[in-house]
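K.L.:
This is the feature table in Swiss-Prot:
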{"type": "TOPO_DOM", "residues": "24-719", "note": "topological domain 'Extracellular'"}
{"type": "DOMAIN", "residues": "27-76", "note": "domain 'PSI'"}
{"type": "DOMAIN", "residues": "136-378", "note": "domain 'VWFA'"}
{"type": "BINDING", "residues": "SER149, ASP152, ASP153, GLY362", "note": "Ca(2+) 1 binding site"}
{"type": "CARBOHYD", "residues": "ASN347", "note": "N-linked glycosylation site"}
{"type": "CARBOHYD", "residues": "ASN460", "note": "N-linked glycosylation site"}
{"type": "DOMAIN", "residues": "465-499", "note": "domain 'I-EGF 1'"}
{"type": "CARBOHYD", "residues": "ASN479", "note": "N-linked glycosylation site"}
{"type": "DOMAIN", "residues": "500-549", "note": "domain 'I-EGF 2'"}
{"type": "CARBOHYD", "residues": "ASN505", "note": "N-linked glycosylation site"}
{"type": "DOMAIN", "residues": "550-586", "note": "domain 'I-EGF 3'"}
{"type": "CARBOHYD", "residues": "ASN586", "note": "N-linked glycosylation site"}
{"type": "DOMAIN", "residues": "587-626", "note": "domain 'I-EGF 4'"}
{"type": "CARBOHYD", "residues": "ASN654", "note": "N-linked glycosylation site"}
{"type": "CARBOHYD", "residues": "ASN705", "note": "N-linked glycosylation site"}
{"type": "TOPO_DOM", "residues": "743-798", "note": "topological domain 'Cytoplasmic'"}
{"type": "MOD_RES", "residues": "SER770", "note": "phosphoserine"}
Amino acid sequence: MPRVPATLYACLLGLCALVPRLAGLNICTSGSATSCEECLLIHPKCAWCSKEYFGNPRSITSRCDLKANLIRNGCEGEIESPASSTHVLRNLPLSSKGSSATGSDVIQMTPQEIAVSLRPGEQTTFQLQVRQVEDYPVDLYYLMDLSLSMKDDLENIRSLGTKLAEEMRKLTSNFRLGFGSFVDKDISPFSYTAPRYQTNPCIGYKLFPNCVPSFGFRHLLPLTDRVDSFNEEVRKQRVSRNRDAPEGGFDAVLQAAVCKEKIGWRKDALHLLVFTTDDVPHIALDGKLGGLVQPHDGQCHLNEANEYTASNQMDYPSLALLGEKLAENNINLIFAVTKNHYMLYKNFTALIPGTTVEILHGDSKNIIQLIINAYSSIRAKVELSVWDQPEDLNLFFTATCQDGISYPGQRKCEGLKIGDTASFEVSVEARSCPGRQAAQSFTLRPVGFRDSLQVEVAYNCTCGCSTGLEPNSARCSGNGTYTCGLCECDPGYLGTRCECQEGENQSGYQNLCREAEGKPLCSGRGECSCNQCSCFESEFGRIYGPFCECDSFSCARNKGVLCSGHGECHCGECKCHAGYIGDNCNCSTDVSTCKAKDGQICSDRGRCVCGQCQCTEPGAFGETCEKCPTCPDACSSKRDCVECLLLHQGKPDNQTCHHQCKDEVITWVDTIVKDDQEAVLCFYKTAKDCVMMFSYTELPNGRSNLTVLREPECGSAPNAMTILLAVVGSILLIGMALLAIWKLLVTIHDRREFAKFQSERSRARYEMASNPLYRKPISTHTVDFAFNKFNKSYNGSV
């Protein structure tokens, strides 16, 4: 389903809901307006007749009617019906080139000033155009993280200025470069604060024992066209060391944005702020860990030495404050971060307008190409931002980009080339009158541009006849003021001509206070006095009408809210604000909430009803019908186009391929970038067993950017003998390797056992002993020769 029918469906839904209401009800007469100003507020089609004698003298509402009805009833020439209008006050033509040295004569947006006069409920429309001119001056401020982890990056950008200037001067002849650095707040727990670390926080760190003291932000080089000064300043820098992983870079970003004179931002130049880091940032409320409870004031705090003096006094800035100050000073922030933190900073870009994020290599060697890519991305996009929009104004945008197709609800164009013009239709509507403030203004500005459109707003909330007041007029019996064909009675008097006093007995005319015979006086919600109803007051709202039959609180509710908070209650029926329809105004006609990430309405698988997707494709589900397991995937749908292009030698304008490639912008390349975060990479095998590769990205305008290889990748057929030899050789090598491993293990085991034996042997200790079974061959006997026969003694020896 294409996008236009989805938008058309929403419009038809609104018309279908509105036609029965207009056909069956004249909202002007049912609104029970009691004055010209009230009549104008009911509906932009309502008009007031200021003729003295007109219509039913008892019915004020007969004066408030459609203009055609008033003319038909004889009120010609005295009708109050102001219309909304637009007047262009200043409209300088767009420039084609940023030719001057300062760029002060370059106009990239037209018109520059418009005055609109608005009647509540009625839209007025004006056109504006934006162009990215060629050769526009560029100011680039390089803001670098000098914490210890960025040491190798610092080494690699020593000559960055020269190389970067060479590349940028291919894009603009007027280029200037500046430099600043940051680490973190010099307080605990963000930095090392012990006395021994004050002069050298790297003490005790073996890998890099010497570094400079920690600091918040230092502005080192104002914007200059002397790139040698940049190189010289970079060569002077040394890294420092902080304590925790996050860095204090957002402090530095804010100072670089608001210290315009110190940095040297030119008024008429494209402002680029390159933020390089390898870690996450501290944000608002982190400062409370260090006792910093004062929120950041968003002001410049650089001293004479260009150092940030409030680093240890105020908290880190919030994302909202950063976005405000960057937009206020027309600065495009480029996050150059390492791959592991890419998604975090990618999410930041959705919260901070005008920011882009690129992946920085670990050693910053790709920084030049990164900056060139970011510059090209910024120059290829135009997005309108609204400043100081009054609360009672509704704005509606329709973008017409380079393809000439209108996209309702969109205020951004992408994929532009330098010199392309993006057109926007802006519709302005006042929901109500602002009260005392009769005139207001707001500004439309493309993100990152100095050009802007100032819109002065005046409200048509008063009638011309109100200027001719007649106090104590004879037309009002001397008891009131005559204005716009009516009498405004003084206190205590009633009647169309103020002819009655309150409290007079008019019982004979009480039937004039009944809406119909048998109905209660003044619908039971008022008193009949002087032949007319005086309605009671109610804590719920206003009771009004000739017979007090109407009120402002008896309309349909949604979740307990009258008219869903998107309309006004008039006599039992909701009058919806612009952008809402339905009996209780709960149905939004805005289709922006139905846009999928690829920019398509309901992922091209459903329709947008009341701001929500109703999936019509079988199997599709999700908030924007983005999930569909049974649907053909995007690669399959794009494959038909690619195959047709290959068959017809890459000619997308070929009649045969026109149907398959009607929404694709074709780019032929020799190699596909596989790490592109935004692109979807697709493969398929051709009939010749070759691999065809292509990638695509969905553009916001509903088209696809299709990047296709010029030739499929075809590998040569494998050699059977080579495969056989490789298999046999592999088996032999594996077998020999296993045998060698086995032999090695056995040898190691034997050596361990032998060493164990030797160790035990050396520790052994033996005791001397004789064998009890062993007898010596020689025996010795001693004889006593003084042997006495009787005394059995012998003394001697043998």
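From the backbone N, Cα and C atoms, a Cβ is placed for every residue, glycine too.
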K.L.:
Taking every protein chain shown into account, which of the recorded positions ASP153, SER770 has the largest tally of Cβ atoms within 10 Å of its Cβ?
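P.N.:
Sorting the candidates by Cβ neighbours within 10 Å, the top entry is ASP153.
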K.L.:
Over the domain 'I-EGF 4' (587-626), work out the mean pLDDT and round it to an integer.
P.N.:
83
K.L.:
For ASP153 (Ca(2+) 1 binding site), identify the closest of the glycosylation sites ASN347, ASN460, ASN479, judging by Cα separation.
P.N.:
ASN347
K.L.:
Fill in the CA-CA distance, ASN347 (N-linked glycosylation site) to SER149 (Ca(2+) 1 binding site), as an integer in Å.
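P.N.:
Approximately 24 Å lies between the Cα of ASN347 (N-linked glycosylation site) and that of SER149 (Ca(2+) 1 binding site).
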K.L.:
For the recorded positions SER149, ASN347, ASN460, ASN586, ASN705, which one has its C-beta crowded by the most other C-beta atoms within 10 angstroms?
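P.N.:
Top count of Cβ atoms within 10 Å goes to ASN586.
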K.L.:
Can you tell me the three-state DSSP label for the residue listed as 'phosphoserine'?
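P.N.:
Looking at the DSSP assignment, the residue listed as 'phosphoserine' belongs to neither helix nor strand, so coil.
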K.L.:
For the recorded Ca(2+) 1 site formed by SER149, ASP152, ASP153, GLY362, name the remaining residues of the chain with Cβ within 8 Å of the site's Cβ center, in chain order.
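P.N.:
Other same-chain residues with Cβ inside the cutoff are MET150, LYS151, ASP278, ASP363, SER364.
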K.L.:
Using Cα coordinates, what distance in whole Å links SER770 (phosphoserine) and GLY362 (Ca(2+) 1 binding site)?
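P.N.:
That comes out at 82 Å between the alpha carbons.
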K.L.:
Would you kindly give the Cα-Cα distance separating ASN705 (N-linked glycosylation site) and ASN460 (N-linked glycosylation site), rounded to the nearest Å?
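P.N.:
Checking the Cα atoms of ASN460 (N-linked glycosylation site) and ASN705 (N-linked glycosylation site) gives a distance of 47 Å.
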K.L.:
Using ASP152 (Ca(2+) 1 binding site) as the reference point, find which of the glycosylation sites ASN479, ASN586, ASN705 has the shortest Cα-to-Cα distance to it.
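P.N.:
It is ASN705, whose Cα lies nearest.
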K.L.:
Please report the DSSP secondary structure of ASN460 (N-linked glycosylation site), reduced to three states.
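P.N.:
It is coil.
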K.L.:
Quick one: DSSP breakdown of the domain 'PSI' (27-76) into helix, strand and coil?
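P.N.:
Looking at the domain 'PSI' (27-76) with DSSP, the answer is 21 helix, 7 strand, 22 coil.
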